[in-house]
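Everything below concerns the one structure shown next.
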Amino acid sequence: MKKFNKVILAYSGGLDTSIIIPWLKENYGCEVIAVVGNVGQSDELVGLKEKAIKTGASKIYIEDLTKEFVEDYIFPTIQAGAKYEGKYLLGTSFARPIIAKRLVEIAKLEGADAICHGCTGKGNDQVRFELAIKTFNPEMQIIAPWRTWEIKSREEEIQYAIDNEVPINITYETNYSKDKNLWHLSHEGLDLEFPENEPKYDKILELCNTLEKAPNEAEYITLGFEKGIATSLNGEKLDGVTLLQELNKIGGKHGIGVIDMVENRLVGMKSRGVYETPGGSILYKAHKDLEELCLDKETSHYKEIVSLKFADLVYNGQWFTPLREALSAFISKTQETVTGEIKLKLYKGNIINAGMTSPYSLYSEEYATFGEDGIYDQKDAEGFINLFSLPSIVQAKMAQKLN
């Protein structure tokens, strides 16, 4: 096995990366520097420095990436309206590129000769991390233990941790695979691996109440947007991080943003996960409804196509690509008039539009009213229908002729 002098480890303090530190030292004889990308995982950061050093890391970087994460990754994805396979709000997907970018920067700073990640060989994250690493340093060596070591399951990981006195906070019975950041919390594994099983929401959920425990009374909120970016909550201007934190609290209280999904992974198989995205779900709904008011028909319809491709690119780890940047440029243009306020009613998992306004609204009461007006001459509709139906008429006459 090739030896390295210094390895940068993408560290979370979870099971995978906790046991990787002693494994790297044992198998590569290298110095291990742990790097934590703080993308809003909050309480998970507590005690990480002590844990990493105790486990064998020579030092640890805890990099605050939350502001950049929200402004440069989350907000552009909301503007795009991107959902993978119509449901997944890409919480893990767009968190990986920003972390990988920082790993490369610290590797250069430290003079490291390899970067290591703890992603499974069956998952999407290995692709997301390595695409970004190769983008910023094509020559960087990458170590992916899950593709080389003898450990084949999370149960074996737990046993390795026990054998090597690595402190962990999970047991065989609570061994859900989780990923948490400011945007979402995902849950995979155990009983969720069997689609016939109903998720044990009362045991799984951390950000959100179950619908049974959500308040019995609705709550109204008002969101303000400027060029497709949420900038205020209930009339108060907030920075992106604070706004999302507040929406997570409010949405979580009402059981909003919980999805149970079977998705098609990039690497070929299907997987099932439960995702909690309370604040994000509110922002997506608000933004989409405001677009309905502000975008013209052709732009709106074409943007739906762009949104699908944008979601695929993000899901597949292709954030730092010319196509994603080009699509973002198009999306940015569409957002120039997506400004206004929207009132939402939140109730037991539901997000209900309760009214919206915009200085760029394309909705005209004068044209849309069912009452009498002096603008729209309904007689004009007959000529329009005759022209619009011409292809159908020609097709029908041809069919009659053949018969």
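Just so you know, glycine gets a Cβ as well, placed from its N, Cα and C.
D16 (ATP binding site) falls within a helical segment according to DSSP. Swiss-Prot lists A10, Y11, S12, G13, G14, L15, D16, T17, S18, G118 with the feature ATP binding site, giving sequence analysis as the kind of evidence.
If you look up Swiss-Prot, you'll see Y88, S93, N124, R128, S177, S186, E263, Y275 marked as L-citrulline binding site, on the strength of sequence analysis. Less than 8 angstroms from the CB of S177 (L-citrulline binding site) sit R154, H187, E188, G189, each of them six or more residues away in the same chain.
In the three-state DSSP reading, N124 (L-citrulline binding site) counts as coil. For N124 (L-citrulline binding site), the number of other Cβ atoms no farther than 10 Å from its own Cβ, over all displayed protein chains, is 20. The L-aspartate binding site feature in Swiss-Prot is assigned to T120, N124, D125.
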>> Considering Cα atoms only, can you say which of D16, T120, D125 is the nearest neighbour of Y275 (L-citrulline binding site) among these binding-site residues?
In response: D125
> For the ATP site given as A10, Y11, S12, G13, G14, L15, D16, T17, S18, G118, which other residues of the same chain have their Cβ within 8 Å of the site's Cβ centre?
Replying inline: I20
> Which of the binding-site residues listed here (A10, S12, G14, S93, E263) have a Cα atom within 10 Å of the Cα of D125 (L-aspartate binding site)?
Replying inline: S93
> Here the binding-site residues are D16, D125, E263; which one has the lowest number of other Cβ atoms no more than 10 Å from its Cβ?
Replying inline: E263
> When the Cα of G14 (ATP binding site) is compared with the Cα of each of the binding-site residues S93, T120, E263, which one is closest?
Replying inline: T120
> So how many other Cβ atoms are close to S18 (ATP binding site), meaning within 10 Å of its Cβ?
Replying inline: 26
